[in-house]
Amino acid sequence: MELFYLLVFGGLGVIVATLELSKNNKDRTNTSSAFNSFKNNYLLVYSLMMAGDWLQGPYVYYLYTTYGFGKRDIGHLFIAGFGSSMLFGTIVGSLADKHGRKRASITYCITYILSCITKHSPQYRILMIGRILGGIATSLLFSAFESWLVAEHNKRGFEQQWLSLTFSKAIFLGNGLVAILAGLFGNLLVGSLALGPVAPFDAASCFLAIGMAIILSSWTENYGDPSESKDLLTQFRGAALAIASDEKIALLGAIQSLFEGSMYTFVFLWTPALSPNDEDIPHGFIFATFMLASMLGSSFASRLMARASIKVESYMQVVFIVSSASLMLPVITSVLVAPSSEKGGSISFAGCIQLIGFCVFEACVGLFWPSIMKMRSQYIPEEARSTIMNFFRIPLNIFVCIVLYNVDSFPISVMFGMCAVFLFIASMLQRRLLGVVERSWPLDKVRELESEPLNI
């Protein structure tokens, strides 16, 4: 492996270790033993859920190719997954609010396990059913668990500031360390042990089953609005009204869709961007490097959110601007660096520059997740939390489906440029959100003071 990859990975590792080991009292939050037990239980479950998801990611496309499907057929399978998440996501989110977030989390485990089982069949129809099930599971993963956490945290009377600690640790572990370990474990199953491309999906089912057992044995149920008088259509109207009537919620949804849409586009495009002439690049090692960069971002986010004087709404403007600049690098290199026509070989100079920029973007992703979770916990009403969160995913899934359908129609640099523009727009919307929050803060403070008892 080239020294360049090792230097990037090692440099990121040193920075992450330094950040974690150098935390002082200002960067740490004093919590209770009851909260620590609750937090550790959730982190264990979340890590198992993410392990089940990360194990599958690197091998879905590869598995389909071993069954003899071409790029077009595989593209349709991926579109089916995102389309399923878009069509059914809001429905399952509403059911989670009404019938319980614990039940929804268990449903996620069962649905994703069934999706994994379908991977054993080479029949296109069975694989399509698996993608539809996977889309439903993805909607539950990114709504039910967070909704359960926020409601349970508040129900148990823990301090609001402690919620940020759980968010940052969840991203550090579930979207960082677990992703790296899952990639290495999947490589062991498929490569070293030669168990075939289906093996990671079987391993994912095992992790999901273990997580489901923990949920069944240790989680209590909580709801949004369990009123039997409200049907799904009424819940949809209520969620849409909440978004339309509260500018903070609407801005938050737009920001999330713009960032996540750019993030998923990046997932599809980073490989051809780094190897436009079929350069020999270590995909697994680069993926692990990206996840390490994400850990760096989440570690930095935990420091920022531990300080009450720093507003999430303020520093996220900088995060979006930096992420926009990082995705402009493919556009800049395509103009300033002469393209190579040599097939194969090692990564090019332009590819090295882009790889560093992509690591910066992944660090921004690590900052984004716990920060957006904190803002959602503050602004989204509890009675429709899962429903509204899945409403946010509708434009995201439409955007990703359009990108997938037209991925061969535009140069890669143009696609990255479009993402950079979207991220810049997100920074402008974030600035607007900060202004709205600052205007409402004095009123919120007055209400807080009015609710406190008078000491006479």
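Using the three backbone atoms N, Cα and C, a Cβ is placed for every residue, glycine included.
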Annotated range (TrEMBL: transmembrane segment) out of 129-150, 239-260:
129-150
Would you say the transmembrane segment (6-22) and the transmembrane segment (74-96) are in contact under the rule of three or more C-beta pairs closer than 8 Å, pairs 6 or more apart in sequence?
no
With an 8 Å cut-off on Cβ pairs and a sequence gap of 6 or more, do the transmembrane segment (412-429) and the transmembrane segment (43-62) reach 3 or more such pairs?
no
Using a threshold of three or more Cβ pairs below 8 Å, and leaving out pairs closer than 6 in sequence, do the transmembrane segment (285-306) and the transmembrane segment (318-341) count as in contact?
no
Contacting positions for the transmembrane segment (285-306) when only residues 6+ beyond its ends and CB under 8 Å are counted:
1, 5, 8-9, 12-13, 15-16, 19-20, 23, 26-29, 58, 164-165, 167-169, 171-172, 175-177, 179-180, 183-184, 270, 274, 312, 315, 355, 358-360, 362-371, 374
Of the listed stretches 6-22, 129-150, 170-189, 201-219, 347-369, which one has the most C-beta pairs under 8 A with the transmembrane segment (390-406)?
129-150
At a threshold of under 8 Å on Cβ distances, which of 6-22, 43-62, 170-189, 201-219, 347-369 pairs most often with the transmembrane segment (129-150)?
43-62
